[in-house]
Amino acid sequence: MARTKQTARKSTGGKAPRKQLASKAARKSAPSTGGVKKPHRYKPGTVALREIRRYQKSTELLIRKLPFQRLVREIAQDFKSDLRFQSSAIGALQESVEAYLVSLFEDTNLCAIHAKRVTIQSKDIQLARRLRGERG
């Protein structure tokens, strides 16, 4: 464990004023007004881990079909206008895109872990793509 420098601190000395103690006791004994219960919150990371397990078990497509279809058609227009797609072709494209993204994020996570981090950053994606031999 790293050592830390000790610094002198002024001691306040004496006891706390009586007013503070009296107000604390009054707050404890007084009934709570409103009765509004705070919503339950999980610890940070708990929900994320639950979602990771859920999505690793599932096999359904995670990108919505219509937005993906619009994106494919928009990109295809740059190459040739009035292209038509079979629905199975768009489905196959979406399957391959999602498989590619999942494997890219797996490699990206390994790059972040190698750098002793738990948060992925853009430089991890760049390194993963560079190691795969992808450019552009």
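Including glycine, each Cβ sits where the backbone N, Cα and C put it.
If you check Swiss-Prot, you get these features:
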type	residues	note
MOD_RES	LYS5	N6-methyllysine
MOD_RES	SER11	phosphoserine
MOD_RES	LYS15	N6-acetyllysine
MOD_RES	LYS19	N6-acetyllysine
MOD_RES	LYS24	N6-acetyllysine
MOD_RES	LYS24	N6-methyllysine
MOD_RES	LYS28	N6,N6,N6-trimethyllysine
MOD_RES	LYS28	N6,N6-dimethyllysine
MOD_RES	LYS37	N6,N6-dimethyllysine
MOD_RES	LYS37	N6-acetyllysine
MOD_RES	LYS57	N6-acetyllysine
MOD_RES	LYS80	N6,N6,N6-trimethyllysine
REGION	1-43	region 'Disordered'
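Here the features listed in Swiss-Prot are painted onto the structure.
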residue: LYS5; record: N6-methyllysine; DSSP class: coil
residue: LYS37; record: N6,N6-dimethyllysine; DSSP class: coil
residue: LYS57; record: N6-acetyllysine; DSSP class: helix
residue: LYS80; record: N6,N6,N6-trimethyllysine; DSSP class: coil
Cα-Cα distance linking LYS80 (N6,N6,N6-trimethyllysine) and LYS5 (N6-methyllysine), given in Å to the nearest integer
68
Expressed to the nearest Å, what is the distance separating LYS57 (N6-acetyllysine) and LYS37 (N6,N6-dimethyllysine) at their Cα atoms?
34
Distance between LYS37 (N6,N6-dimethyllysine) and LYS80 (N6,N6,N6-trimethyllysine) at the Cα atoms, whole Å?
59
If you count the other CB atoms within 10 A of the CB of LYS80 (N6,N6,N6-trimethyllysine), including all protein chains displayed, you should get 7
If you rank the modified residues LYS5, LYS37 by how many other Cβ atoms lie within 10 Å of their Cβ, the lowest count goes to LYS5
